[in-house]
Amino acid sequence: MSDSVKTIGVLTSGGDAPGMNATVRSVVRTGLHMGMRVLGIRHGYNGLISGDMVEMNLRSVSDIIHRGGTILYTARCPEFREQAGLEKAKKTCQAAGLDGIVVIGGDGSFRGARDLSLLGIPCVGLPGTIDNDIASSDYTIGFDTAMNTAMQMVDRLRDTTQSHDRCSVVEVMGRHAGYIALNTGIACGATSILVPEVPFDFKRDIYDRMMNTRKTGKQHFIIVVAEGVVAENNPSIDELAKRIQTETGIETRATVLGHVQRGGSPTVEDRVNASLMGNYAVELLNRGIGNRVVVMRDNKIVDIDIYEALQMKKTIDMHTYEVAHQISI
């Protein structure tokens, strides 16, 4: 253990994601292995402001690697965006003797970590979000589980859709990013996939595709839609389903998968990557290195400057999007 790093904290912030518990477990056990004191900060940045912390030990994180959600709880914290809230958090960190904090969450959580770093509290961010929308990382903790959950739900819908020669319009999570929709759509053989990054045309992307597919003898259809597509200036998922039924004459049902995608036992990929990334984050703090984000690039775990990470913009992989449309006929 570094002479200057005796106590670290760990928190989960923003939307929960499967694998957060595996990450917390790794951070705690790595810290304890290095001789550190580890504090669990509850309810995200709210816990830093209110002092809601608990000292962690080996048993604190026993039997949680397989559990969804986060034992530390999570929340959004508007107060933390204000200077007064940041000053409260700084005083709490100083009173608790925190020498560094591991922050698990998305870009909003990373902005909080950056602001803490500016106040002299070293922070390391870990990408934890089901949306896979963090530009600095090829992978985010929870994404693989969310995709698999969505795939399983759509597979079940397909069974009943096929039995009745229907069309099912399925809304998956992804307000600003279509990664869950794109990957789930490919995995489930969707007739059409709608993502917020690509403006859609009803005739081209839905009607024509359904009619052309119908000519080949197919009588049931799956349309996968990211929630961001219907969030603004577009019909709701129910209105879209009604339009499809009206214009095609095919009975159409709308299904919103909702928060079920956030829950459930994490996949092997999420458990292993969460464990390795959590360990990496503590290694950085132990070496006196903060203001970093641990990311996955080209299947390797690396770290980059937190300021650089927040400047990046992520776009959908258009090659994958085009392939999806070629093979979903």
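Cβ atoms here come from the backbone N, Cα and C positions, even for glycine.
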Residue among Gly15, Gly19, Gly31 sharing the ATP site, where TrEMBL lists Arg76, Cys77, Gly106, Asp107, Gly108, Ser109 as binders: Gly15
One of Arg81, Arg156, Arg158, Arg287 listed by TrEMBL as binding ADP at the site of Arg25, Ser26, Val27, Val28, Arg29, Lys215, Lys218, Gln219, His220: Arg158
DSSP-derived class (H/G/I helix, E/B strand, else coil) of Arg25 (ADP binding site): helix
Mean per-residue pLDDT computed across the domain 'Phosphofructokinase' (8-285): 93
Per DSSP, three-state class assigned to Ser109 (ATP binding site): helix
Cβ-Cβ neighbours of Asp131 (active site, proton acceptor) (radius 10 Å): 25
Length of the line joining the Cα atoms of Asp131 (active site, proton acceptor) and Arg25 (ADP binding site), in Å: 22
Set of same-chain residues at least 6 away whose C-beta sits under 8 angstroms from Gln219 (ADP binding site): Gln162, Asp165
